[in-house]
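Participant: The annotation domain 'Acyl-ACP-thioesterase N-terminal' is assigned in TrEMBL to A:1-124. Residues or ranges marked as region 'Disordered' in TrEMBL: A:14-51. The domain 'Acyl-ACP thioesterase N-terminal hotdog' annotation in TrEMBL covers A:135-271. Marked as domain 'Acyl-ACP thioesterase-like C-terminal' by TrEMBL: A:296-399.
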Amino acid sequence: MVATTAASAFFPVPSPDSVAKPTKSGNGPTNLGMLKSKSSSGALQGKANAQAPRKINGTSVGLATLPVVVKDEGSRPSTAPRTFINTLPDWSMLLAAITTVFLAAEKQWMMLDWKPKRPDVLVDPFGLGRIVQDGLVYTQNFSIRSYEIGADRTASIDTLMNHLQETALNHVKSVGLLDDGFGSTPEMYKKNLIWVVTKMEVLVNRYPAWGDVVQVDTWVRGSGKNGMRRDWLVRDCKTGETLTRASSLWVMMNKKTRKLSKMPEEVREEIEPYFLNSAPVVEEDNRRLPKLNDDTADFIRSGLAPRWSDLDVNQHVNNVKYIGWILESAPPEILESHEISALTLEYRRECSKDSVLQSLTAIPGNQDSDLKSCGEVECQHLLRLENGAEIVRGRTDWRPKYSSNCGVAGEVPAESA
Amino acid sequence: MLKLSWNATTDHVKALAQCRFLDAPRPGLLPSRRRAVVSCYPASKAPSLAVVSDGLAWVEPGSGSLADRLRLGSLTEDGLSYKERFIVRCYEVGINKTATVETIANLLQEVGCNHAQSVGFSTDGFATTTTMRKMNLIWVTARMHIEIYKYPAWSDVVEIETWCQGEGRIGTRRDWILKDYANGQVIGRATSKWVMMNQETRRLQKVDDDVRDEYLIFCPRESRLAFPEENNGSLKKIAKLEDTAQYSRLGLIPRRADLDMNQHVNNVTYIGWVLESMPQEIIDSYELQTITLDYRRECQRNDVVDSLSSHEPDENLEAILQLNGTNGSAASPTTEDYRQFLHLLRLSGDGLEINRGRTQWRKKPMR
């Protein structure tokens, strides 16, 4: 099981700290009822303006004013009440204080129902992403960078998986839940529970190329009594064509005992409002993944070791690195002539910087045939430590590449005439 | 069920992104663009006359592909340098919660590629001009020098400006300046030296002036250096580390993702390998401030590489400390605050040198 920072739970932390900055608009002391409603939207607007210029890199940036609806991390309610008693009454300060207090209260009351008031305004020229669909779906655009493409000039499977991970984390962060790095809800935190991913399924229709822009949507839904699924949908921004669909399965684990745990009722109550009631984006693949060994594997690559750059902030190996290692033992012919159309991974164990891994691949259907000329090929994979402990089991389905590419290894890509 | 609301996004982006939009062509449109490159004289003209398929044309903001609008980079006003903004993604961040030096190096490469593309050079990753291709010449990196003063964190936005200039008969230099987009502060600088190599013979080759001028028209005429100061680290010679290295990591192998289109190990991988031999104590308490690499030999899929490191005394730092003498206040640097290492990457089998390097480290700031 891998507990990573890419945990996908996302629940607003009921913290009195997350309040809007007081507005500066002194409208004069009107009755509080009207003040509240007027200032809720106005204040939200005001909050947005107070927050805009948008915070980037932790400091304000002078972009065109974007009304931004994000949790104000770490800002505290002003100490106005004490201040304005000591000074001569400054009505705008009074107003600000009252607004602050009211918003804090309102937020507490409406915690579970809180939705962004203007879901369409979280706009980001820098690919930051926004919540749509009543606060349940997070969407973000990525432009494919030159170092993310493979030899055939299309995005590698690692790149795709990186984007999925980025949106999952951003989703969790945008609802204010990334502080401890595990995306745990308050109840989970109390019980020492964290999310771990157990399974990942990815279906790729088409790989984007350098310079393409893709839109990734992600959301969560319940799975059985104790699990949660995070789904993704990746589309080409220009054409709307679906490029990739993916789904991951998450369960809870006790951080201390490292044992799996049922979902406690209190946690269920916290998270259920955030489940999107959607049909699965990927049909669950319940085929059993066999455990390969030295005899059943066709290819083995040993001596794979994590580098410093493979580690996340917790010094665990980032999940996405596993797919790269899995493919280390895939035969080069298949990598040149075919592309992955489907990928299923079962995570068993995490590994650290000191681990040394072995990657095993078996191709059950093909005994003697020339892989290059095959249509679809299925491979089975195992990633394990040298002592035999399993890290990941996998299956990949491959189809022939159709786009023009380098073809033969070592050949310089011919310039288009 | 899921509303397609990306239209709203792009409209907003169009309105808000503060860059001009270029019609960067896709691979495949290159031929006509290349002809346009040679025939137009962009340097002193209005920069929006970017290279487009029919020769000179105004590029209106809002036209051009979606990728161009969302790509936050463009030639600067005078057309002599290129600026682009990047956001740091979560998977590009390392154990320090900040971008890794490999991420920085990747971004430098990305902006270099985008610059080359925006002025009409090939997009096959080689940034070659027409004549170079006719003569079978490609660029290879000879030296890379990166200094980072402040590492960006996840979701920070970095603005990188890059330009290139000729250097000698066969060389060209590409420089970068990295800024924190939020406050304009310079967070890093980099410079690299490139030479022309014949793709067939794999030998360095001198070229005529008109071949050089083909790309130099896009470069500033007066010397513009990311490292204008004298005696800067980017020019210092790097000695070859002898066998008695203090630290080593043997048996490094290229991964699939390390190989470029030509099945050679890409430049950024070497940075990772150089750092592999650094001991845990250094990685835990220090952060990389400077890395200089001299590239000597290429490396391929089946090669096995050894990474060696040794502490290198820094004469400059020691001189400063001597001057400070007994005045050592808490503010002045001590030898503990900075460390310097010499590196060597070589093939495991025959010991042939692949590259050599120097790194400087500073104590991690309190976070």
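Here the Cβ of each residue, glycine as well, is placed from N, Cα and C on the backbone.
Remember, predicted model here, so these are calculated numbers, not experimental data.
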Participant: If you average pLDDT over the domain 'Acyl-ACP-thioesterase N-terminal' (A:1-124), what do you get?
Facilitator: 43
Participant: With helix taken as DSSP H, G or I, strand as E or B and everything else coil, how many residues of the domain 'Acyl-ACP thioesterase N-terminal hotdog' (A:135-271) land in each class?
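Facilitator: Secondary-structure breakdown of the domain 'Acyl-ACP thioesterase N-terminal hotdog' (A:135-271): 33 helix, 59 strand, 45 coil.
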Participant: Just to be sure I understand, if DSSP states are collapsed into helix, strand and coil, how many residues of the domain 'Acyl-ACP thioesterase-like C-terminal' (A:296-399) fall in each?
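Facilitator: Split into helix, strand and coil, the domain 'Acyl-ACP thioesterase-like C-terminal' (A:296-399) gives 21 helix, 45 strand, 38 coil.
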